[in-house]
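Engineer: Here's the feature list from TrEMBL:
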ACT_SITE  E186  active site, proton donor
ACT_SITE  E291  active site, nucleophile
DOMAIN    17-345  domain 'GH26'
REGION    1-24  region 'Disordered'
SIGNAL    1-46  signal peptide
Amino acid sequence: MPHRHHRPGGTGRHRKPAAPARRRRLTAACAGAVVAGALVAGGAVATGTFGDDRAGPRPPDSPVAVGAFLGSGSDGVRRIAELREWLGGADLRVGHTYLPGDTWERIESDPHFLRPWAEWRRADPDRLFVLNVPMQARNEAGVPDHEVRELLAQGARGRFDHHFRTLARHLVSAGVPDTVIVLGWEMNGTTYTHRCAPDPQAWKAYWRRIVTAMRSVDGQRFRFDFAPSRGKDAIGWTECYPGDDVVDIIGMDSYDQPPGETFDDQVNQPYGLRHQVDFAAARGKQISYPEWGLFRRGDNAEYMRRMLDWIDERKPLYHTISDYCPHGVWRCEENPKSSAVFRARMTPGASRPGRDRPEFCVDLGDWLGGWFGDRRLCVTFSWARRP
């Protein structure tokens, strides 16, 4: 079960310098004036967004699978229907839970733990079961780096393969052979024993062994989701990437916390949201957001709007908000403004601002694009009568 009240990424120790901010604002004002003049001449009311023509083709226009982490056991399954009712009948197609990481026996799972999730998944062929799987026992026990290095070396040699074959057999027997496996999540951080930084080469070899072991089980159709936390943290997550042949989805856990003061910072920072999208597009992979939500900046409705906009635009395979305090919007009463935004956007029939309006883009070129981090400035607008 995840613990999010003391996330290692929240210190802001990798925050990028802010020195060029004033010059960027001046450049933005000049570019904005040119575009605004063209729009005002046509009597338009415009809202600005930054686009990127380098992120590769967008996935097909199909519905994004939506869910939430609502608890690890059977209570988490029961709450899916309750959240659906709160959202006015929204189609919550993702069930998301975590295997405990304290012992190998629990990482192997058992029929009792899997049964309620498997029954929920099998009730509708369009549903998706997402399971976070630790790569090590004692996963949140504060194991020191030298011991992690030895454990990774053992894993790379195959010492733990049998545990993952057992888990794969349990999943197939439970009737969920198509589970999305979020293996060794947030490996670029410092919290978990399955972290990558102490020995990236051994970590990648170990991941490959786990995937090979689980794929060896008859009847499996697993998809493996490589999901670092946003930003660099202890190591750049690309240094942990184990290879296209053993990764199906490139995910990211992204909470409203440093590094990055604004949502645009979260998008454009090294190893941030844009890096994830570009990295996946270059490899022909789908993206996901297994964990996201509020955090260090409290009830931040602007973050909620921008993250939902990002999801709408980038069309991940799935996303699941972490719905408990301080991150959530349904079970956490600390975030009423963000809760209202989430509920309005997720309720069936809710409008999506800007989605159906015309879009106008200007190529900024190399010089201006260098300041903005994008090659295009895009605005969406609707026509209005002059008084």
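Any Cβ shown, glycine's included, is placed from N, Cα and C.
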Engineer: Sorted by position, what residues of the same chain at least six away from the residue listed as 'active site, proton donor' have a C-beta under 8 A from it?
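Structural biologist: Once residues fewer than 6 apart are set aside, the residue listed as 'active site, proton donor' is near Y192, R195, A227, P228, S229, D233, D253.
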Engineer: For E291 (active site, nucleophile), just give me the three-state DSSP call.
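Structural biologist: Reduced to three states, the DSSP call for E291 (active site, nucleophile) is strand.
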Engineer: Restricting to the domain 'GH26' (17-345), what is the model's mean pLDDT?
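Structural biologist: Value for the domain 'GH26' (17-345), mean pLDDT as a whole number: 89.
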Engineer: Applying a 10 Å Cβ distance cut-off over all chains shown, what neighbour count does the residue listed as 'active site, nucleophile' have?
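Structural biologist: Its Cβ has 27 other Cβ atoms within 10 Å.
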